[in-house]
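Novice: The structure follows.
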Amino acid sequence: MERFLGFPHNHCFLMLFLTSLSPPGLAQYEHWPYLPAYPEPPPQVYQPPQRPANVPKIQLRLAGQKRKHNEGRVEVFYSGEWGTVCDDDFSIHAAHVVCRELGYVEAVSWLPSSKYGKGEGKIWMDNVHCTGKESTLAACTSNGWGVTDCKHTEDVGVVCSEKRIPGFKFDSSLLNQIENMNIQVEDIRIRAILATYRKRVPVTEEGYVEVKDEGTWKQICDKHWTMKNSRVVCGMFGFPSERKYNTNVYKMFASRRKQHYWAYSMDCSGNEAHISSCKLGNHLNVDVEKNATCENGMPAVVSCVPGRAFAPSSHSGFRKAFRQEQPLVRLKGGANTGEGRVEVLKNGEWGTVCDDNWNLVAASVVCRELGFGSAKEAITGARLGQGMGPIHLNEIDCTGFEKSVTDCKFNTESQGCNHEEDAAVRCNVPAMGFQNQLRLSGGRNPYEGRVEVLAERNGTLKWGTVCSENWGTVEAMVVCRQLGLGFASHAFQETWYWHGDVSADNVVMSGVKCSGTEMSLSHCRHDGADVSCPRGGGRFGAGVSCSETAPDLVLNAELVEQTAYLEDRPMFMLQCALEENCLASSAVNTSVTSGYRRLLRFSSQIHNNGQSDFRPKNGRHAWVWHDCHRHYHSMEVFTHYDLLNLNGTKVAEGHKASFCLEDTECEADVQKQYECANFGEQGITVGCWDVYRHDIDCQWIDITDVPPGDYLFQVVINPNYEVAESDYSNNVMKCRSRYDGQRIWMYNCHIGGSFSEETEEKFDHFSGLTNNRVATR
């Protein structure tokens with residue numbers, strides 16, 4: 001079946017807003033540039049309500065920094081001058097009038113107090129009262145033009161729906177004589193013509209470029225089509241680049257069938273993230289029947305090159321989890337393939353990018369570099385989580401044709417930037433069809449349910465369940481990503497409370513073991529056709545619940561290095577610790593009255609840098625009371641502490657049960673939510689951290705039996721993956737350590753994934769671990 005591919009954000013239709021701007025400075029649609037107009041108006045032009053005769057003509061625009069095209073500070077052009085609107089008495093009714101006047105279907109909300117920055121010039125309107133039915137903001141009542149007691153700190157802003165009014169056309173008789181034209185295109189697709197491309201995955205790499213105009217799919221004439229246009233179209237569908245194709249074959253196809261051509265052509269520079277940002281090219285001749293013609297031409301064809309992660313491989317169908325040899329750029333913290341916080345490698349260390357001047361052009365360079373298409377969204381304000389370490393790049397300025405974002409102009413100084421301004425991207429990725437191979441059944445909402453997969457049995461495709469034996473968070477993560485539902489919040493091994501489709505009760509997949517990077521559950525290791533599941537499916541089928549956001553715990557490595565020391569502690573002070581298995585096994589033979597244990601002590605400061613709060617897996621009903629220490633354990637093992645010798649063998653270990661998971665401290669603008677006292681709720685809020693001081697029980701490793709020497713010290717948070725996180729690679733912290741029998745030194749402490757693989761290999765090689773790597777899974 002032929003797949004129709006739409007534009008980003010799953011819009012039902014897409015507008016190309018084409019206009020010529022004059023005077024300069026009209027900024028209301030900075031992400032949707034207008035294109036030159038043509039004399040003939042498009043059909044079915046929207047006619048706004050008539051403006052009353054006594055109401056002056058005004059023009060509106062949306063302005064301000066770090067915003068989308070459909071939101072911003074409301075600015076009014078009146079009496080030859082741009083000005084703002086005060087938020088006093090402003091309402092959602094007034095916002096509706098503004099948005100409709102700008103061509104949007106309705107307002108979503110309005111924002112007071114100059115949320116989009118302070119405007120300049122006059123404040124034209126104050127105490128605005130609208131019913132919502134006015135044809136123009138000028139028809140609403142106010143104090144009078146320019147009569148106000150407001151300051152620009154009270155400038156109002158609006159957020160309009162992204163949906164445009166079909167056929168909307170700006171009034172070309174406005175005071176500053178802006179000529180406008182709106183071409184409406186409901187959808188666009190790459191339609192495969194050759195049989196070899198019709199069943200290809202990704203869908204589709206080569207075919208006609210077609211647009212839906214007035215409900216009819218039309219081709220674009222290739223007379224003025226360029227490879228730059230092809231690059232933009234390919235990027236929109238998730239492909240990083242374009243290539244040449246066999247024109248003779250397509251000429252033969254074109255000669256056999258009458259084409260229906262769109263009346264316009266595109267003139268792209270090639271660096272646009274979206275075809276709507278291109279200029280309008282030459283207008284085609286229109287015959288008597290209003291069908292455009294393409295004299296001596298044929299339909300435009302694009303042939304796109306998929307990124308290496310999406311290119312079929314002769315051995316495995318698709319590369320399970322493609323990684324570049326030495327990548328310079330990576331994405332972290334994203335829920336779905338092709339999205340995440342942008343991190344770059346510099347001097348062997350990974351760091352983030354400041355969002356100053358971050359835009360779709362730079363974001364598209366990142367996306368194409370990683371084997372995706374152009375950017376769907378350039379995300380600011382650390383909305384996909386904060387990074388750690390240095391901020392390498394600031395004020396990035398790209399042309400859009402760079403091979404790497406590190407080739408763009410940028411400022412190496414990051415003064416004034418912090419990790420609250422980390423830049424991120426969402427890239428266009430090819431349609432692989434993976435989401436059609438799997439479904440959630442029986443849940444209370446679309447984000448949860450029993451996992452059912454489509455498997456081939458005896459030549460037919462049948463839905464069935466997944467065996468829940470050894471089913472865990474990592475496997476659930478792959479399911480949620482495959483369905484585009486974000487992160488896994490829970491993995492379930494019993495789903496009797498979710499009544500799925502009875503015809504899908506049989507187990508069709510077992511032995512599933514994922515690394516977490518797979519794009520599809522079928523890419524994980526599993527038993528294949530030889531299904532083995534002791535308890536069967538149905539009520540014991542694997543289940544998941546998904547969430548759009550997830551926490552991300554990161555240990556402060558520097559604090560561990562600064563606070564590590566040795567203590568010889570008398571055995572009579574360690575009886576509770578002995579009961580909770582916080583000492584080495586030889587401790588049971590140590591005299592309570594005269595013996596002691598040598599403890600490696602240190603402080604842990606665990607930050608939640610993610611997008612949602614970290615909560616223990618178990619609710620209060622499942623917490624365990626420890627009478628000796630007089631507290632509840634909400635997670636039996638929250639952290640592992642290991643001391644390894646130079647061949648990678650563990651010589652001593654400790655663990656920290658999560659006896660009191662709480663917000664010890666928070667960033668300035670974050671409120672504490674979790675406190676353990678009086679059987680309170682446990683967790684770590686986003687932007688807060690939990691501190692385990694060096695002087696509390698079990699915050700140690702018992703090294704009484706360890707001889708002097710060089711060691712590797714390792715801490716692993718959430719080691720059993722009991723709680724889902726957006727990034728597990730930074731849950732590991734490693735240090736080099738030297739113990740001389742009396743003192744201990746910690747140095748080179750760092751978080752997993754903070755250095756390049758080459759640097760890590762040198763670290764491990766020096767520690768004798770090159771062939772015995774310590775893995776987190």
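Glycine residues also receive a Cβ, built from the backbone N, Cα and C atoms like all the rest.
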Novice: Which one is it, Cys86, Cys221, Cys234, that TrEMBL ties to Cys150 with a disulfide?
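Specialist: Answer per TrEMBL: Cys86.
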Novice: Disulfide partner of Cys524 per TrEMBL: which of Cys514, Cys546?
Specialist: Cys514
Novice: Would you mind checking which of Cys99, Cys130, Cys221 shares a disulfide with Cys160 in TrEMBL?
Specialist: Cys99
Novice: With the disulphide bonds as TrEMBL has them, who is the partner of Cys408, out of Cys398, Cys417?
Specialist: Cys398
Novice: TrEMBL pairs Cys140 with one of Cys130, Cys221 in a disulfide bond, so which one is it?
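Specialist: Out of the candidates Cys130, Cys221, the one TrEMBL links to Cys140 is Cys130.
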Novice: Cβ pairs under 8 Å only, please: of the recorded stretches 190-305, 329-428, 438-547, which one is richest in them relative to the domain 'SRCR' (60-161)?
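Specialist: Out of the listed stretches, 329-428 contacts the domain 'SRCR' (60-161) most.
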Novice: Hey, how far is Cys130 (disulfide bond) from Cys99 (disulfide bond), Cα to Cα, in Å?
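Specialist: The separation of the Cα atoms works out to 13 Å.
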Novice: Fill in the CA-CA distance, Cys398 (disulfide bond) to Cys278 (disulfide bond), as an integer in Å.
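Specialist: So the Cα of Cys278 (disulfide bond) lies 17 Å away from that of Cys398 (disulfide bond).
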Novice: Quick check on the domain 'SRCR' (329-428): DSSP residue counts for helix, strand, coil, in that order please.
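Specialist: Split into helix, strand and coil, the domain 'SRCR' (329-428) gives 16 helix, 38 strand, 46 coil.
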Novice: Taking 10 A as the limit, how many CB atoms besides its own sit near the CB of Cys514 (disulfide bond)?
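Specialist: If we count other Cβ atoms within 10 Å of Cys514 (disulfide bond), we arrive at 23.
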Novice: Report the DSSP secondary-structure composition of the domain 'SRCR' (438-547) as helix, strand and coil residue counts.
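Specialist: The breakdown for the domain 'SRCR' (438-547) reads 19 helix, 40 strand, 51 coil.
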Novice: Distance check, please: Cα of Cys268 (disulfide bond) against Cα of Cys408 (disulfide bond), rounded to an integer number of angstrom.
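Specialist: Roughly 21 Å, rounded to the nearest whole number.
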